[in-house]
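As recorded in TrEMBL, the features of this protein are as follows:
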- 1-25: signal peptide (SIGNAL)
- 91-442: domain 'Peptidase A1' (DOMAIN)
- Asp109: active site (ACT_SITE)
- Asp321: active site (ACT_SITE)
Amino acid sequence: MALLFYHLPFLPFLFLFLHFIASLSSPTQNLNDTLSFSFPLTSLRISPDVKVQTLSSSLVAGASKHGTRRLARPNSGSYNYKTTFKYSMALIVALPIGTPPQTQQMVLDTGSQLSWIQCHRKLAKKPPPTASFDPSLSSSFSVLPCNHPLCKPRIPDFTLPTSCDQNRLCHYSYFYADGTLAEGNLVREKITFSRSQSTPPLILGCATDSSEDKGILGMNLGRFSFASQSKISKFSYCVPTRRTKPGVSPTGSFYLGQNPNSHGFQYINLLAFPQSRTMPNMDPLAYTLPMLGIKMGAKKLAIPMHVFRPDAGGSGQTMIDSGSEFTYLVDEAYNKVREEVVRLVGPRLKKGYVYGGVADMCFDGNPVQIGRLIGDMVLEFEKGVEIRVPKDRVLADVGGGVHCLGIGRSNMLGIASNIIGNFHQQNLWVEFDLGSRRVGFGKADCSRAAV
């Protein structure tokens with residue numbers, strides 16, 4: 001079972017998004033870097049919620065069986081697109097969708113496949129959100145009919161099977177962690193950057209019933225992700241820091257295509273797994289990293305390396321996910337981290353407090369002093385590559401004067417995987433090189449207006 005997290009277990013604003021599990025053979029191989037765009041990221045603070053999304057390989061098998069048309073290549077070239085930021089830990093990018101374009105706010109999510117937008121629902125008693133997409137205003141919008149291969153009742157692609165609605169259109173549904181339901185139609189629409197630059201028509205979800213006001217930009221390794229459908233072989237983002245001056249919003253950047261800063265990046269290869277292996281706890285479409293260990297201060301914790309590698313059933317997979325705020329560890333790793341925290345600052349722990357049911361390394365005291373006692377935290381990978389979290393940013397402000405280490409137990413979510421969330425990606429370029437199946441990291445001041 002593949003799991004994808006989005007600012008985990010606190011429910012106010014969340015996408016418990018059933019994650020696509022698909023047995024795909026190198027869905028992003030042989031891609032050409034045909035688009036090179038630059039976007040700003042809006043870092044949106046939300047309370048940690050979990051989003052879980054599940055999809056079967058039958059979606060791809062069905063699409064291939066019925067001869068899905070090859071998407072045309074978009075025009076090449078570079079294009080810069082920037083807007084202002086709002087502070088948060090969900091990464092929000094504003095995309096111009098349709099013809100003429102309508103700006104849509106979407107959560108940048110490397111842990112999911114299907115992209116979806118909020119669509120206009122014309123109800124006299126309940127006007128739609130002002131930021132929703134109005135299909136009637138776009139000349140490039142089209143819907144998927146019931147006879148489309150993605151709309152087969154026996155294909156378990158969504159939380160509920162797709163079905164035909166009263167208009168003979170393909171209907172899908174998603175459940176959310178707070179118990180609400182988002183649903184709508186599968187459609188085709190393009191992202192229009194300028195008169196000469198746009199993506200080909202992409203398969204998207206068009207949500208007509210949802211309590212949320214933002215969509216999802218799915219960027220995982222699945223062939224129906226935004227990156228795959230647009231034939232973008234690289235994308236990267238820079239997460240701004242949470243602490244800013246009063247009245248100043250943090251800024252960040254999101255690139256589709258070549259990043260001008262990539263000359264200084266350090267790369268590690270993604271772990272690859274035989275598609276023939278059946279691993280019920282594995283997400284084959286996630287970005288799986290070869291993690292080696294964790295250091296707290298100058299001490300390397302005694303965590304066996306196999307804890308960070310998937311076993312025969314897929315448990316232990318280590319994924320990097322922009323859609324998850326916190327980092328989540330399996331018990332064997334989490335317990336070692338907690339032991340060290342207790343040794344360093346045990347008396348200062350907030351007794352009996354568990355944030356969101358998953359994180360119990362929390363404090364009431366001065367976060368600067370506690371951070372100094374804990375020291376830097378380092379996530380170690382192959383080839384000497386590491387993610388270093390400085391001591392002044394190891395604690396996350398969760399409200400009410402409480403600060404937590406920013407790490408939760410993944411087993412409390414019902415999974416056995418390690419997830420590196422965006423809290424531990426601050427001030428770091430993260431590049432996803434899909435053509436070479438690798439991830440690059442580069443230190444940066446992501447809070448600058450331009451990076």
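Just so you know, glycine gets a Cβ as well, placed from its N, Cα and C.
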Checklist entry - What count of other C-beta atoms do you get within 10 angstroms of the C-beta of Asp109 (active site), across all chains shown? => result 30
Checklist outcome for this item: For Asp109 (active site) and Asp321 (active site), the CA-to-CA distance in whole Å is 7
Next on the checklist: If you average per-residue pLDDT over the domain 'Peptidase A1' (91-442), what number do you get?
Outcome noted: 86
